[in-house]
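Enquirer: OK, TrEMBL features for this one:
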- 55-79: transmembrane segment (TRANSMEM)
- 116-140: transmembrane segment (TRANSMEM)
- 160-180: transmembrane segment (TRANSMEM)
- 192-214: transmembrane segment (TRANSMEM)
- 226-245: transmembrane segment (TRANSMEM)
- 265-289: transmembrane segment (TRANSMEM)
- 300-416: domain 'Cyclic nucleotide-binding' (DOMAIN)
Amino acid sequence: MPEILRTLQRLIHHPTITRSRDAYASKRYSTPLFILFETLNAFRMHNGFSISASLAFYAMFAMIPLVLLMFFMLSHLIVSSDYAIIKLAILTSNLLPQLSNRIMIEVYNVSSHQAAWGLFGILALLWIVTPLAAALRSAFYTMASMVEVPSFLKRKFKDILAVLGILLLLFAFTAAGLMLEKVLHFLHPNATYFRALNSASSLVLTTLLVAVFYRLFFPAAVALQHILFSALVTACLWVAMQPAFSLFLSINPSYGAVFGGMKTIFISIAWLYYTFAVFLLGTELIATLRRKDVLLLRGLFAGIPNTDRHYLQALLQQYGKTLQAGDYVFRRGDPGGDLYYLISGEVLLESEKRRLVVAGDYFGEMAMLAEAPRLSDAYVQSPQAELIIISESTFETLLLTDPQLAMLFLKGLARRLREQISHHNLAENALT
Ligand SMILES: Nc1ncnc2c1ncn2[C@@H]1O[C@@H]2COP(=O)(O)O[C@H]2[C@H]1O
């Protein structure tokens, strides 16, 4: 038995294994696994599934007005009414396979009443869709960990703009589909190629649609490659979900039968629910990619041991700076901005009093938080000092996205303040 253990230990410490383990550990904070874990964690924290459920309900209310408005745009702007109905049927069958026929019959009936198309009619239809737009915008703010506080009217105005945005996007999507159909018709490929080309192009179209959606609705600036990547993941998941959902229904043909005539509505809500869940997961992925770098810094304040070599190396590579003895980090009265975390060495803070900062401690938070000039000089006292520099916006994102961390930081600040006050009181008592 001890022999087996010894062999196992030798194996674990074999250079090939330790080398690859080291290589993995040094990249741990930017691996797909890390991103996946953080995305799922954030989705759970933001109650992604309950948001998807409420969005599915809002979408049910908004579906018919949306399709009517789309019909109006299509039939007035590019094609005849009958052709518009056919194209819309394809769009609705993608979004709501179970209810598409009934929706189209209703749209056909309503659209033949001219009264539906007066200015008042169109405004009323837009208004009915606003709760869906509002819920979507609020979901995006939640996922981006941001808060929106405009007045009621401003918010309604933004919601109507969002509805118009949704309409324009769906319109562009349908128009692009029409053009694609013409191109495929012109190329006239054989059946196998046709199917492959068709699936590939609808994947590309869906990705583009979702990407533009994310770009318009996500409330913070995000790198284009992050948006495109998340949109591609969303589109792939959504396309894969369609056969999975059909398979599930074919295995359970009586699924939802308990609702009788409402069965199709029940199944449609379930389908919309999964559609939104995938869509919001993509949104969460964008948010995670956006704060990926910021997440790396979390460990400094949230208990990753300061001896974790790989972690510190990864941090130093991205945010690090090495200074020599006597170098100034900043001078008293300088405008504030960054916060500094000392990894190694010593820094002296000097104003009327002196404070020595050692490895594992941070400084420079006052000017940043109070938006005021620096309270003291800060210079390196040891032969060398390694510092992590955290910008104001990075720190803000860090605190906003992680309330627990914000609490830890506040507690740290209160502890420091307490120490300073008791020192001050002791000094005053000694004088009197
Ligand atoms: N009593 C103090 N006097 C000067 N600096 C202090 C004092 N207490 C803490 N500091 C730290 O020194 C830093 C100087 O720059 P900041 O004002 O940005 O933030 C300050 C704090 O991090």
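Placed from the backbone N, Cα and C atoms, the Cβ positions cover glycine too.
Unlike curated entries, TrEMBL annotations are predicted automatically.
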Enquirer: What stretch in 55-79, 116-140, 160-180, 265-289 has the biggest tally of Cβ pairs under 8 Å against the transmembrane segment (226-245)?
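Expert: Ranking 55-79, 116-140, 160-180, 265-289 by Cβ pairs under 8 Å to the transmembrane segment (226-245) puts 265-289 first.
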Enquirer: Given the transmembrane segment (55-79), which of the listed stretches 116-140, 192-214, 265-289 has the most Cβ pairs that are under 8 Å apart from it?
Expert: 116-140
Enquirer: Could you put numbers on the helix, strand and coil content of the domain 'Cyclic nucleotide-binding' (300-416), residue by residue per DSSP?
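Expert: Going through the domain 'Cyclic nucleotide-binding' (300-416) residue by residue, I get 43 helix, 39 strand, 35 coil.
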